[in-house]
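Please read the structure below before turning to the comments.
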Amino acid sequence: MQWRALVLGLVLLRLGLHGVLWLVFGLGPSMGFYQRFPLSFGFHRLRGSDGRPGVCGPAHWGYVLGGRDRGRDEYEKRYSGAFPPQLRAQMRDLARGMFVFGYDNYMAHAFPQDELNPIHCRGRGPDRGDPSNLNINDVLGNYSLTLVDALDTLAIMGNSSEFQKAVKLVINTVSFDKDSTVQVFEATIRVLGSLLSAHRIITDSKQPFGDMTIKDYDNELLHMAHDLAVRLLPAFENTKTGIPYPRVNLKTGVPPDSNNETCTAGAGSLLVEFGILSRLLGDSTFEWVARRAVKALWNLRSNDTGLLGNVVNIQTGHWVGKQSGLGAGLDSFYEYLLKSYILFGEKEDLEMFNAAYQSIQNYLRRGREACNEGEGDPPLYVNVNMFSGQLMNTWIDSLQAFFPGLQVLIGDVEDAICLHAFYYAIWKRYGALPERYNWQLQAPDVLFYPLRPELVESTYLLYQATKNPFYLHVGMDILQSLEKYTKAKCGYATLHHVIDKSKEDRMESFFLSETCKYLYLLFDEENPVHKSGTRYMFTTEGHIVSVDEHLRESPWKEFFSEEGGQDQVEKSVHRPKSHELKVINSSSNCNRVPDERRYSLPLKSIYMRQIDQMVGLI
């Protein structure tokens, strides 16, 4: 009988404590037992009084994930003041040192191979023995991937001597005339995008990052970008929908046994790089095929929900994967609708993005109308059936962490704050972001973390939007976690298991091109990216692109029609020499990007206190 009395006493004590919290801090019932059992996760669509989806504010996610409130005074002590300049400089140097350690070890132990194995200090290239190993072969093309992908990071960090050395190495040693079958999407965002970004840095008359010019430079990087793009063009041929094949062999074209199924993001996220190339060359071919693919996918969206699936048959146009969400298979499709408009000013891109965003709010956003008030669970974006809008599963993947950053670009900062806090709460729990997290079971479904940049990217953009020091603390936490858990003998390694922190011997190229870059920029307030007066945008691989009027000049708009498209592709086989290229160098600013002033107001302290409650920091 004594144990029953003891249990009853503990239950009454807990109820009493919750009552005190309710009265003193106004936490309410949702911070108690209700949030500890989030199994009825608001599977209805919430709308405001005007019939539109509600706008999200901060949520109490950390408590759901195991956090505790330790009082308000500690919040004021930790976050109300400015992040000390000395600490910011220390974190900036730590981020730069992280990049240098990974880059130097790649150059010492892996170059000219594609990637570094940081545990055994060796290089990694395509898996020739197992062509079905797509995890490796889709990405690694035997073209010094990590070096190419890191070029603009060297420039942004102001390392002109190493940037110039790296560019010369790329020009002299990298060739795309290789018997490598690669994914069109990965080759485009990692290699083509980096070549174009570095070319524009070299030819920028203002040279904001220091002297990044190359003696006797004759547009070689642009020529290489054009050569690679021509080798990717066969993916767009012999497809009945205009949606490209997922893979090409750089020597021979589309493999005879090629898969007719591709993901929406892979086929629909080529327009930024292909569009820049077209406008620099004055050749509409590349933008035309990329834009045709986007329109083809867009025309296949559901008539009822406006949503797209994640896998489509390129010959029939039938949806093989009917899941609609914000993560793998769809993420960068939405991102590039908006970024294509920012770069090129084509109104149809913005119209498609606005319609897609509305469908996302209508069908993917679940939970209460506002994050920090009202009944029900905090908002979350879930995976649904594209035709019915019904929930398909109860997990989110780490790629979805890019979405708060995208929301910043359109000015939906409140919702971005809320969603970012959810992903950061997961990071706080594990010291990393598992590849998949089951929000109903409150546990990872897929346990590895390959050093992805998406949460860092959103943190950086939210800091630029709000200037709230909370996000500097988030960045410091991420930096310290990476140092503690992922550093290996010769670089930084993928976490095989976010709980036991075991490692895999791989450092993907995006760690240097994105993760380190965004961490560095977060703490480098005086960087030319923030001070030069030039408007910049980042591609989905984190490559920097200046936004100016020259990229908005499109003399071939009238040719963007369904007629003559195949002829456009077939006529593009000519590969001009460097002196034949028509180059458009940019130096002017653009006034048509979203106004950064609308994001400059600091957040109220109550917002940040509630975010702290989410992640269990106080």
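Cβ coordinates come from backbone N, Cα and C, glycine included.
Summarising the annotation, TrEMBL assigns active site, proton donor to Glu186 (among others). Taking the Cβ of Glu186 (active site, proton donor) as centre and 10 Å as the limit, one finds 20 other Cβ atoms among all the protein chains shown.
Cβ neighbours of Asp331 (active site) (same chain, under 8 Å, six or more residues apart in sequence): Ala265, Leu399, Gln400, Phe402, Phe403. TrEMBL lists Asp331 (among others) with the feature active site.
Cβ neighbours of Glu435 (active site, proton donor) (same chain, under 8 Å, six or more residues apart in sequence): Asp397, Ser398, Pro444, Val446, Leu447, Phe448, Tyr449, Pro450. Among the features that TrEMBL reports, active site, proton donor is placed at Glu435 (among others).
When Cβ atoms from all protein chains are considered, those within 10 Å of Glu454 (active site) total 25, not counting its own. What TrEMBL lists as active site is Glu454 (among others).
The Cβ of Thr540 (Ca(2+) binding site) has 25 other Cβ atoms within 10 Å, all protein chains considered. Positions annotated as Ca(2+) binding site by TrEMBL: Thr540.
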Distance from Glu186 (active site, proton donor) back to Glu454 (active site), taken between C-alpha atoms, in Å:
16
How far is it from Glu186 (active site, proton donor) to Thr540 (Ca(2+) binding site), counting Cα to Cα, in Å?
11
